[in-house]
Every structure is written in C-alpha cells, then in structure tokens.
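Undergrad: Dropping the structure in here first, questions after.
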Amino acid sequence: MKQILDFIPLIIFFALYKMYDIYTATGALIVASAVQIILTYFIYKKVEKMQVITFLMVAVFGGMTIFLHDDNFIKWKVTIVYALFAIGLTVSHIMGKSAIKGMLGKEITLPDSIWGKINWAWTLFFTLCAILNVYVAFNLPLDVWVNFKVFGLLIATFAFTLLTGVYIYKHLPKDQHLPKDKHQQRDQETQNDTQQELSGKNTEEK
C-alpha cells in the first residue's frame, strides 16, 4: 500500500505531462504529493523524513517552475533531492551513525561494518542519480527527461533495493536464515532442555 501511494504522484505527473504540458503536470505533482503525505499520515500515523524532504522540494521548486514558467527548476529539484539524501547519509556515517541502520536496524541484525558498507553504497547510488539527472535533464529532450524521471530512476531504485536485500541476506546471522518452523522447533527444543534441567534439579532437591 505504501509503495502504491509513493508511485501515484509520479503516474499523475506523467499522465498530465502527456495530456497537457510540464507546467500542468508540475502543479498536479505538487497537489498529489500533498495528498500523499496526508494519506500516509492518516494510514500509518507517521511520515518518513525522506517523504517530507521530497514534498518540500516539490512544493518549492515546482512552485518556482509554475510561477516563473521555467521547467529548469523542476529538473533541478530531482538532483537536489538526491544530493540531499547523499549528504545526509554521509553526515550520518561521519557522526558514527548509519542512517540505513536507523531505518532497518530494529528488524535486521547486522555488524556495524556491514551497515557502513550499505550506507556508503546508497550514498554512491544517490550521488550517481543526481549527476545522471543533470546530464539527462540538460542535454536531452524534455520528453526523454520525463520518462527518465518517472521510470528510469524508479527502476534503478527498485533494482538497487533488490541488490541491497540480497547483500543483507548473505550477511544475516544464521539464526535469522531459519524458516519460521525451524525457529519454533529450536525454541521447543530449548524449552524441553530447560524443563529437563529443572526436573533434574527438583529430583536432586528431593
């Protein structure tokens, strides 16, 4: 559900660009992003910082695009958002904290060295996306950039997320690789051993 909410503003932006122009599409993107934030809050009772940053950038640079009738602002918005993400991850690492670990560490147990590598990998990914957007936005036709923004970056992010998932799985502690029934079996065996020990102690006391 959350992924669908994240994708809807992009689809609306793409559809209205094809039907009308970049300025109509940008206005719709601002409204759709605001609605997305509201729905996310009411459904999940919280909004991620990345979503808030993205919305603020859409509102500011989208508004400037419409007010000044200059699509360069909405193009720069993409690069600035990715650059901010990269800077945020870099700062968190310098401060001795992995932002990625902060998001996933409650559900996944990994050594800090692995979290650090994942943090740097996403820093590099966001940096490359920021640079690539500049090239596509200012060297290729607007139609190409819109397709790149909506589909190219989305597919790249999805693929990199999958690669991150594979990397995390390879470094999970062995007990986290066990299926649920194996966990239950192990817990039952531990419980039985504990009961036997307690029974033995009770026998000795008697």
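Positions of Cβ are set from backbone N, Cα and C atoms, glycine also.
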Undergrad: Would you please say which range out of 1-21, 22-42 has the annotation transmembrane segment in Swiss-Prot?
TA: 22-42
Undergrad: Between the stretches 22-42, 76-96, 118-138, 148-168, which wins on the count of C-beta pairs under 8 angstroms to the transmembrane segment (50-70)?
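TA: Comparing 22-42, 76-96, 118-138, 148-168 against the transmembrane segment (50-70), the winner is 22-42.
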